[in-house]
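The signal peptide annotation in Swiss-Prot covers 1-21 and is backed by similarity to another entry. The feature N-linked glycosylation site is assigned by Swiss-Prot to Asn59, Asn75, Asn199. Taken from Swiss-Prot, the feature active site, nucleophile covers Ser272, and the record attributes it to similarity to another entry. Residues or ranges marked as active site, charge relay system by Swiss-Prot on the basis of sequence analysis: Asp295, His350.
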Amino acid sequence: MVPLKLQALFCLLCCLPWVHPFHWQDTSSFDFRPSVMFHKLQSVMSAAGSGHSKIPKGNGSYPVGCTDLMFGYGNESVFVRLYYPAQDQGRLDTVWIPNKEYFLGLSIFLGTPSIVGNILHLLYGSLTTPASWNSPLRTGEKYPLIVFSHGLGAFRTIYSAIGIGLASNGFIVATVEHRDRSASATYFFEDQVAAKVENRSWLYLRKVKQEESESVRKEQVQQRAIECSRALSAILDIEHGDPKENVLGSAFDMKQLKDAIDETKIALMGHSFGGATVLQALSEDQRFRCGVALDPWMYPVNEELYSRTLQPLLFINSAKFQTPKDIAKMKKFYQPDKERKMITIKGSVHQNFDDFTFVTGKIIGNKLTLKGEIDSRVAIDLTNKASMAFLQKHLGLQKDFDQWDPLVEGDDENLIPGSPFDAVTQVPAQQHSPGSQTQN
């Protein structure tokens, strides 16, 4: 028999590409014989195939392209997934999770057997997102740039709903894949020979013991900040005309990025551990003009950052992740004459900011807190619109994103101005405790 916990984790990782409820057999009657498993997997595929909803398209006027860029060799190389305004809307064929090792990494993160990762890659490794792979960049204007930092156990590809949404409104978004071993999986090439034959060196998530958690997480957030700055430097080098080599051998012509980025309009954005990375990197790199921290994990944030972070900062929190202690730490960033905003999305959970909220079925998504009470599309739409309004103000954009200025103030039926604890009628439950290894 398969334990109930394993079935639940299996459902989580299945990431059904359409929101479609279906019924699992009672665990006591579960048969693990290969012939029976084959028929059960067939039924799962059939259930998924009859659905209709997945990662949303951007709501802006620009077609969206996507590519991967890697500069240099070894584990200090720069690795980003780039979302950008495209010349034309080609096939929406960007693979969501492109290598089976990422599924293996997710199984490590969740503590399940590696065979689960293999099965999930077989079933869902071809799931695509609504962006055109290697489509030519739309030329003729300079774009603002957003560097994005992923959460613990995540990687560069699973924030496509945010990346695509922002790119469809005229941003270039570079999602960094971190090499601090906070990603479920990542890879690099040791040298040019390895890159030529695609001999990848894989790094998997580091399991951190409780007694070493504080020191390790603070080291990781510092490395993550350096990696965000390093990614920014590499992209700006290309913008200045430096002919860098993409060691991935992509068909995307990087020369298109020359003179395509307005380096006075650069922001930093991140989710959870990536939100903590936003706070760290802003304090160290003034090229980032402002930051958006999505439900930041405050555990690794050093107190010295409170007064060192000078740029405007927007916190967008979920309703059920933060503790009063976490909110108190965020409010210590409220310094005199410094722009600080905080809003909370009602009925949301921590995973409402990443793609898993869209690609998991309704029943499983709600049971495993991948979905909140709020519709996932409404939550991500509020996130993107509030972010764009904030970015327009502080990057000096000549757009119409100011129509969403009320969202930055929490003026919407689905928003709370300030923290979850500022709503008299809402008492949020805690998903995790500070310092937990399941934080994201």
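Including glycine, each Cβ sits where the backbone N, Cα and C put it.
Just so it is clear, the model here is predicted, and its values are computed rather than measured.
Within 10 Å of the Cα of Ser272 (active site, nucleophile), the following recorded positions from the list Asn199, Asp295, His350 place their own Cα: Asp295, His350.
With respect to Cβ neighbours within 10 Å, the glycosylation sites Asn75, Asn199 differ, and Asn199 shows the lowest count.
Here Asn75 (N-linked glycosylation site) is compared against the recorded positions Asn59, Asn199, His350, and the shortest C-alpha distance is to Asn199.
Taking the C-alpha atom of Asp295 (active site, charge relay system) as reference, the shortest distance to any of the recorded positions Asn59, Asn199, His350 belongs to His350.
Counting Cβ atoms from all protein chains shown, Asn59 (N-linked glycosylation site) has 13 others lying within 10 Å of its own Cβ.
Rounded to the nearest whole angstrom, the C-alpha distance between Asn199 (N-linked glycosylation site) and Asn59 (N-linked glycosylation site) is 38.
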